[in-house]
Amino acid sequence: MCTIFFGAYLLAGILLLLPICYSDKAPDYTFVREAISAPAVVHYDYIVIGGGTAGCPLAATLSHGATVLVLERGGSPYGNPNTINIDKFAPTLLDTSPTSPAQQFTSEDGVYNIRARVLGGGSAVNAGFYTRASTHYIKEVGWNQRMVNQSYEWVEKVVAFEPEILQWETAFRDGLLEVGVLPHNGFTYEHLYGTKVGGSIFDADGHRHTAADLLQYADPRKINVYLNARVQKILFRHIPGRLRPQAYGVIYRDAHGIRHYAYLKMNSKKNEIILSAGAIGSPQLLMLSGVGPAFHLRAHGIKVVADQPMVGQGMADNPMNLLLIPSPQPVEVSLVQVVGITKFESYIEGASGLTLPIPLAHRLSNHFKHFLSQVSISYFCSLVLPAYAFLGSALNYICATSGPITIGRILCVHISRITYYVDYLIDRDITKTNQFTISNLVSHLQPEHHPFRASPKIMAWAADTVNGIVNKTLRAGVILEKIMGPLSTGHLALRNTNPDANPFVTFNYFKAPEDLRKCIEGMRTIIDVVNSEAYSKFRYKNMPVEALINLMLTLPVNGRRKHANATFSLEQFCIDTVMTIWHYHGGCQVGRVVDKGYRVLGIDSLRVVDGSTFYRSPGTNPQATVMMLGRYMGQRILHERLLRGSKKKN
């Protein structure tokens, strides 16, 4: 497990480990409580399954016209430093406990991923970038532009802020402009071609504002939110005279495993169950409840309520690839703040600063030990070693403390020892191919000792270095590209009938050639930015891009096979080093599983409102649009409720 999620952990360390202030005190939500306190049976007008990025604004809106129950499978983000305090985010990705806010899973493509399990959903465990969908996207989906704008503004009053742009982000922004990602659009929430500064869900004091904060809009008299309420299935019934089954309740378990029942009130046909469990949870729960491909459900012994072959289809994840760039000077720790929106449909984003807590230091050390024992000396010295220099001071000692060792193992001795001297060599400009040899490396490593014996003095220095540097910021930046769309899609299938277990998920990254083309263009743009004059002070002059590419190829960022030609083929590099930026979607798409009103086809009193309904990810980051959708659909549903009520009176 320690190696499996290295890629996600490293990315989180690069993007998310910003020291901030946070409040131990939760908002005064009298209606939010643990499910263990819930009655055995309750009745509501609306039951929202999932208190996530869409579910919270949806429920808050519905509470102004009806009674609402929210069932969230995770806990509260408030008062939890691993969720609210960003410099503690990385341990969340390593947390494999049943209560972790970030449930880990690996797609069948071999890409490590997470799914949120906390009130606020993905907005409680992401990098915080806030940006709207394009007007073209909104028109294509068929939403009302005026209502969309109003819904965005409703969200932004609580959770969106303008970030402060410091030196590294400024250099990255200017690099994008220098290489032609034009025009410069300044700060804006809008989706515009060119380079811009986007919004953030972190305020000026560094507090994270999640979708859970939108519950402050709710009418506290008409809403209840139960935490650690794990929905087992949706209940359906057949009413005489109706052709379609009707959803009428749910079964859920609390943290102690006790079963509870929640039913729709019988006083109105307008009452509904609304799935907002996300792109993994919503199609999974539909299948577990008997709505999905009949053959697949029967194979798991599930009674078929409705044969819906498109449930779980159209799963897509925007592939991400990146370069990690050591800096010769200190950099600020920044989240994703600047984005380049290109006309070849790739988004270029950047962040700076890297924090390595002790578990990651151990993990990197073990990985380097294994890797360095296999590579050739010439390959290591010319391409790999310079790129590792910036990591050295934070890695723990991994080799034997005494006794003779081979040349292969001398390269494995605590990487900070090696890179301490590499910094020395780089400063003196002797790491060029014709001067940087294994002999002068060893001579610098062991100036007073046998060349194959570890130095006790340096070992002591290494231990002191680890103690002093671990959990502090190192000098590095990251520039990534995420493709628009994508066109490549896959599917979701049940692994078993346990609702807490991860299903099988296949995204088929780069199956569509057009997606691969976008990645290649995006990586070329990243390379141009790295080589730009504007960015030059944040990269080593004698560290070629090839070294940065090789660094990525040596890190276990995913579980996919690495090919030798990925060093010089951007096409293979994209395929071999693909990661997720957690923007997956699909599984309950409009026109396939739900209608334009997000009602499940062939089922009464059941809707799906979340990112599982998307055909492609909206904008550079979907969270703004998912929150907007919750508000937007809440208003539409209430409007429909009022119209039906007035017609009944007439």
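Cβ atoms here come from the backbone N, Cα and C positions, even for glycine.
Taken verbatim from TrEMBL:
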type	residues	note
BINDING	Glu72, Arg73, Val118, Val231, Trp582, His583, Gly611, Pro622, Gln623	FAD binding site
DISULFID	Cys519-Cys574	disulfide bond
DOMAIN	278-292	domain 'Glucose-methanol-choline oxidoreductase N-terminal'
SIGNAL	1-23	signal peptide
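Mapped onto this structure are the features recorded in TrEMBL.
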{"residue": "Glu72", "record": "FAD binding site", "CB count, 10 Å": "31"}
{"residue": "Val118", "record": "FAD binding site", "CB count, 10 Å": "29"}
{"residue": "Cys519", "record": "disulfide bond", "CB count, 10 Å": "26"}
{"residue": "Cys574", "record": "disulfide bond", "CB count, 10 Å": "25"}
{"residue": "Trp582", "record": "FAD binding site", "CB count, 10 Å": "22"}
{"residue": "Gly611", "record": "FAD binding site", "CB count, 10 Å": "28"}
{"residue": "Gln623", "record": "FAD binding site", "CB count, 10 Å": "29"}
**Item:** For the domain 'Glucose-methanol-choline oxidoreductase N-terminal' (278-292), the mean pLDDT of the predicted model
**Value:** 98
**Prompt:** Of all the Cα pairs drawn from Glu72, Arg73, Val118, Val231, Trp582, His583, Gly611, Pro622, Gln623, the residues the record ties to FAD, which distance is largest, in Å?
**Reply:** 25
**Fill in**
Spacing of the two Cα atoms, Val118 (FAD binding site) and Cys574 (disulfide bond), in whole angstrom, works out to 32
**Item:** For the domain 'Glucose-methanol-choline oxidoreductase N-terminal' (278-292), the number of residues DSSP places in helix, strand and coil
**Value:** 11 helix, 2 strand, 2 coil
**Message:** Between the Cα atoms of Glu72 (FAD binding site) and Cys519 (disulfide bond), what distance do you get, rounded to the nearest Å?
**Reply:** 36
**Request:** Taking Cα atoms as reference points, rank the binding-site residues Trp582, Gly611, Gln623 by distance from Cys519 (disulfide bond) and give the first.
**Result:** Trp582
**Asked** In whole Å, how far is Cys574 (disulfide bond) from Gly611 (FAD binding site) when you measure between their Cα atoms?
**Response** 25
**Message:** Quick check for the class: what is the C-alpha distance, in angstrom and rounded, between Gln623 (FAD binding site) and Cys574 (disulfide bond)?
**Reply:** 25
**Request:** Compute the C-alpha separation of Trp582 (FAD binding site) from Cys574 (disulfide bond), stating it in Å without decimals.
**Result:** 17
